[in-house]
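Only one structure is covered here, and it is reproduced in the block below.
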Amino acid sequence: MSQDNEYGAGQIQVLEGLEAVRKRPAMYIGSTDSRGLHHLVYEVVDNSIDEALAGHCDAIEVALHEDGSVSVTDNGRGIPVDTHEQYDRPALEVIMTVLHAGGKFDNKSYQVSGGLHGVGVSVVNALSSELEVEVKRDGAVWTHRFEVGEPQVEEFERVRDLEPGEDTGTTIRFWPDDGIFETTEFDFKTLENRLRELAFLNSGVEISLSDERTDESSTFLFEGGIREFVEYLNETKTALHDDVIYYDDESEGIEVEIAMQATDELQGSIHAFANNINTREGGTHLTGFKTALTRVVNDYANSHDMLDDLDGDNLRGEDVREGLTAVISVKHPDPQFEGQTKTKLGNSEVRGIVESVTHQQLGTFFEENPDTATAIISKAVEAARARKAAKQAEELTRRKSALESTSLPGKLADCQSRDPSESELFIVEGDSAGGSAKQGRDRKFQAILPLKGKILNVEKHRLDRILENDEIRALITAIGGGVGDEFDIEKARYQRLILMTDADVDGAHIRTLLLTLLYRHMRPLIEAGYVYAAQPPLYRVRYRGNTYDAMDEAERDRIIEEECNGNPTQVQRFKGLGEMNPDQLWDTTMNPENRVLKRITVEDAAAADRMFNILMGDAVGPRKQFIKDHANDAEWVDI
C-alpha cells in the first residue's frame, strides 16, 4: 500500500537477546497452552495493525493451513531488508532473531503500537520449528527461512522484481513447535473473535481469516469502527435510542474514541481498550469515563428536574451504567500496563483526558438530543429505585440471618478447614446427589451445598428480586464475599467452587444458570480461576474384575475395544449423579487424585456478555439461530 521508506534498517533498535525464550516461553507469551499458542498469531497480526495505525496498510489476511502452519499477510511497507549497521546482517534477520528488535521504541517509525507483551515476531520465531518470511519492498520480492529460531543464511534471497502496480507488504508463515506447546491446533473461532475485535477497533482495515482444514472463512471490515462494535454487542438487545452515541478527540498525542448506547437490559456491558489491547482489568481510561459519565448525567438530570423521585439523592454510577453498552478505545504512544495479567492501563494522564472529552462532548450531545438524554436518565432513575429496594432486601436478609442460630445456610455441609486456599465447595444438583456427596466427600477440605431444582435466571431480574430467591441466598451466604458491586473476593470462604450437575440437558441448564449468576454478580471468582465444572463420567465399564470410567461414548468404545477385547462384563450408564453411591461419586468425581475438572475462564468479556445475553436473555430469535448454528458442535446428546 505504501512506498514510504522512513522505515529502514536505521530505525531498528535492539534491546536484548533471544536465548531465554525457548527455556521460559511463559515469560514471553503468558503460557504454553492454547492461549499462548494463539498469542503467537496475535503477535504477528499486531505488527500488521501497527503498519495500519501508521497509515501504511489497509488489508491483513490470516490463513490456517492444512499442515498445521499459519500465515499472516499484510500490504504494509514490508519489513526492511537492507543491512543493519550494528549487526552487519539484513534488518529482516535481526528483527526475526533478536528480542525487542524493532522500529517501535523511538516513536518515530510508529507513533502508536499494540501488542500486550510487545515481544514481537522474534519470539514467534523462537517458538516455531520453522518460519518463512516473504517481503515485498525496495522494488523486489525477498524470502528468508528460519529453523527453531536459527536463520538459514543461505536461504535469504532476492527472488524477483516487483511487478508494476504490485503491492508492497510482508507474509510470515510459521509452524509452532510441538515440543513447547501443549497443543499446536489453532481454533478458528478463537482467532475469529479476536480478529473481529481488531477490525472494529481499527476502522477501514480489512481483516480476513480462512481455514484450509474446513473451508471456513470470515472477512471483517467496519468503516463505522467502534460504533459498529456497539451495534454488534447490542444485536440481541432492545436499545432505548436509535443512534449510537459517538465522540472522539486527541490531546497530548493520546487519541480517545468512545461509543455507547443504552438498552433496556439489567446488565451493563462496558469494554475498554488501550492500543487495541482488551484491558480486562480496567484502568485510568475506564475510571475517567465512568466518573465523567455519572457527572454529566446527574448535571443534566438536576438541571431538568428529573430526580424528584429519589428524595434528594443523586444517581450513582451503577444506576447510570445499568443496561449501557459502551466501547472505550484509547491509543497512547507510551502505554503503561499493570495488574495481575498486565491488562490494566496505568497512565495517570489518561484519566483527565477521557474525563474532559466525555464531559464536554457528551454534555453537548445531551443538550442537542434531549429525547435520548431523557431515555437514558429515566432508565437510571428506575435502576436507582430498584437499588434502594435491593438494599432494604439485603438489610432484611442480614437481620433475618442474625436472628438465626447460625449465619451459614442449614443445608450446607461445611468442611473442617478454615483456609480458603485448601477448601472447596461442591454446588450439587438435587438432594439425592447432595446426600451421596456429603457421605462420599473428604470432610477435611470439601464442603457440599445441594441446590433444589433450577435457580432463578438472573439475566432477567434485578438484584432485589434475585435476593428473594432462597437457593441463591444460600449460595451467596455459603460462598461468603457478598454479591454485586460490593463482592469482595478476599472474603470468599473457598478458592475452588465446583459445579456438579448431571450430564443431561437439565444439568447443563442448571450449570448455565449458575454460571450466569457467578458471571453477572460474582465475576471476580471466575476471573481468579476459582470456578470449575465437575466432569462426572457417563459410563462405567467392568471387565474381569477391573473397572474403567468413560467420559463419553468415544472413550467407552475405545475401552471396550482395547481393554475388554470387545466383550465387557458390564457397561453402566450413569443417568444422574444421584445414581452413584457415595464411594462411586468420590472415586469418579470428587477425589483430587483422579477426578477431571474443567476450569471456567473468560477469555473475551465482550463475547461472554453477548453469549449470556443470547442464551439467557428475553429475545427468542437470536437464541434459536444460535442453537441452529451450533447444533453440530454439541459435546453431548441427551437421548
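Each residue, glycine too, has its Cβ placed from N, Cα and C.
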Stretch carrying region 'Disordered' according to Swiss-Prot (options 158-183, 340-365, 392-417, 574-599): 392-417
DSSP state at Asp502 (Mg(2+) 1 binding site), helix/strand/coil: coil
Helix, strand and coil counts within the domain 'Toprim' (423-537) (DSSP): 55 helix, 21 strand, 39 coil
Fewest other C-beta atoms within 10 angstroms, as judged across Glu429, Asp502, Asp504, which are the binding-site residues: Asp504
Cα separation, Glu429 (Mg(2+) 1 binding site) to Asn457 (site 'Interaction with DNA') (Å, whole number): 16
Local Cβ density at Lys454 (site 'Interaction with DNA') - other Cβ atoms counted within 10 Å: 14
